[in-house]
Amino acid sequence: MTMIFGVPLAVFMGQLTLGLVNGAFYALLSLGLAVIFGLLKIVNFAHGAQYMLGAFAALLGFRYLGINYWLALILVPLVVGGFGMLMERFLLRRIAHLDHLYGLLLTFGLALIFEGTLVNFFGVSGARYTTPEALQGGMNLGFMFLPTYRAWVLVAALTMCLFTWFMIERTRLGAYLRAGTENSQLMQAFGVNVPLLITLTYGFGVALAAFAGVLAAPLYPVSPTMGSSLLIVVFAVVVIGGMGSILGAILTGLGMGVIEGLTKVYYPEASNTVIFLVMILVLMLRPAGLFGKEA
Amino acid sequence: MTFIKKTLATSIAVAAASSIAISTAQAEISNGEVRIGYLADMSGTYRDLAGPGGQKALEMAVADFGGSVNGAPIVVFSADDRNSADVGANTVREWIDQRNVDMVAGLVASSVTIAVTRVLEENNGLGIVSGSAASSITNEHCTPNHIHWVYDTYPLANGTAQAVVEQGGDSWFLLTADYAFGHALEGDVRRVVEESGGEVVGGVRHPFPTSDFSSYILQAQGSGAKIVGLANAGADTVNAITTASQFGLTQSGQQLAGLLIFLNDVHALGLDATQGLLLTTGWYWDMDEEAREWSERYYAEMGRMPTMVQAGVYSSTMHYLKAVEAAGTDDPETVRAQMAEMPVEDFFARNGRIREDGRMIHDMYLAQVKTPEESTGEWDLYEILSTIPAEDAYRPLSDSQCKLVQN
């Protein structure tokens, strides 16, 4: 049997695949954060909670309104994203002129409120969301059994990432957005409604988190605390990739998923910390992040 | 006139005597109040197995006892330890120093409990551990200041692992939560599996808590072991079982053995994912009439059926209050001795008694999760297969490393 660093090739390949799947989640979540930070300069600590709200909305929508998975994949990001826009319009906008730290505190506080409220009603054990019929089962890749749903997550998350990158970097709307954050007064002078643009952008970032939440619902028990453990890792990914870099967030997300996956084979005890070790290294050697531009 | 005088004099004397009696009884209860602190994970991974439900059980015990002991009111404090040993130890230190708390109840994550029992020993307090699993709590970490009530890793391993090996599951792969409890359970399972003629072929120690188990399940599949033992608890176990079913672990011929499964875990996972699972439990709400009766009352308050930990909080608090009443004092040493003197026999514990190492031994049960067809209701989840007698279930004192045991 071919061995790679003392691990059979089949196991190694399996872990690589799973790492990519987890990495796709990191990419999707850090992308939302990067969009919000890069364009709005808001450190969105509510991102984990918004991801959790996405999963909960899918669960409750199914339970009480009979909304199926595919419909939830479209509806939930719209609803949670809309909720995000209300947050931006009525709360975040009021402190936009203050130091970033205030935005961080506000979003962190909101995250705690969302989590606490849901813990109060649903507890922490979590509930199961049934995998949609079409995506049940799995395929034998020769080196591993890959559940169909995880393959779907990889495809769906990457498609969404590329779509976002394209929207921001390659379309006129994206160009407005980037210009609006660069020099909002000038843009307003050109007749562009910059405040609306900002609200929409925040809503879009939140919708990305909710989309990830719906994708995660059949994988993990849907519980109010599912976002908080993920959030710190995702922030580390954004820091490693470079604050505000769209492509950086996507590539770093995938890369960190793989690194974490391999750590789980070689030294599982460190799998929760390895990403932070990478973060420290990157901050020491390239403070602006792997894909960030030096200020 | 003389008659009136006499009566008056007598009644004054009686009143004086009785007031003296009351004041001496109260003098024995420090601060004139019995103060109980409930420390548990109120918001994290272990919230549903202890948490606010455990606090409700404690309050039920206080109310059922009448709200006071020998005239001294019972006061309950509570705090969230957030599964942090630091937070737990500091809270208890403050409770003892500033609020004169007489007894600490709850105590869930083993790491928190071990830290708290040290504080209790330094300050001559009293703790009754209901939530924790590590058998080391009454072994190398035993103190004269705490009692371990509901269960521990020793009978969990004894009950489940032995039953599984006897059914032919003789090669094991262990998924272990990487902290005090997981290590204790892993050690106990390894011992039982090897003594029963089985073998542990591999294992992974995963960080606590972990949300994604796919990598570990894949390693377990690659190990070729017949049994994948879950030496973890709470949300970790739930996650591991969910992931195992996604990766078709059982379809490929391997079997899961959950070593610490709580009622709320099975409820959350659903019977489809858990049916047939063997587990060891200290108590089950539907095991007999007495248990059902108490559980129905609890259900009316909480809207959920109680876990063994929540029932244990009630049982242990009741036993504590009875001991305070009988001893006429809340002095930790006297109460601890009084508690050990009285046998424990209630809706929770059968054939229970407190040993010198602080272990409350009582009958344990080997149970199996019902199939969806067998279950008749939302909480009809277990079938009790057999009883493990108290004396056989727990680590024998002859093997004890506890400093309080003369070996």
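Each Cβ is built from the backbone N, Cα and C atoms, and glycine gets one as well.
Keep in mind that TrEMBL annotations are predicted by a computer and have not been checked by a curator.
Database features, via TrEMBL:
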| type | residues | note |
| --- | --- | --- |
| TRANSMEM | A:20-40 | transmembrane segment |
| TRANSMEM | A:47-65 | transmembrane segment |
| TRANSMEM | A:71-92 | transmembrane segment |
| TRANSMEM | A:104-129 | transmembrane segment |
| TRANSMEM | A:149-168 | transmembrane segment |
| TRANSMEM | A:189-217 | transmembrane segment |
| TRANSMEM | A:229-254 | transmembrane segment |
| TRANSMEM | A:266-285 | transmembrane segment |
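Within the same chain, residues 5, 7, 233, 236-237, 239-240, 256, 259-260 sit at least 6 positions outside the transmembrane segment (A:266-285) and bring their C-beta atoms closer than 8 Å to a C-beta of that stretch. The stretches the transmembrane segment (A:47-65) and the transmembrane segment (A:229-254) are in mutual contact, each linked to the other by at least three Cβ pairs under 8 Å (pairs 6 or more apart in sequence). Only sequence-distant pairs (6 or more apart) were considered; of these, fewer than three Cβ pairs between the transmembrane segment (A:229-254) and the transmembrane segment (A:71-92) are under 8 A, so the stretches are not in contact. Against the transmembrane segment (A:189-217), stretch A:71-92 has more CB pairs under 8 A than any other of A:20-40, A:71-92, A:104-129, A:149-168. If you look at the transmembrane segment (A:104-129), the same-chain residues 6 or more away from its ends with a CB under 8 A from one of its CBs are 42-49, 52-53, 55-56, 58-59, 62, 87, 91-92, 95, 217-218, 220-228, 231.
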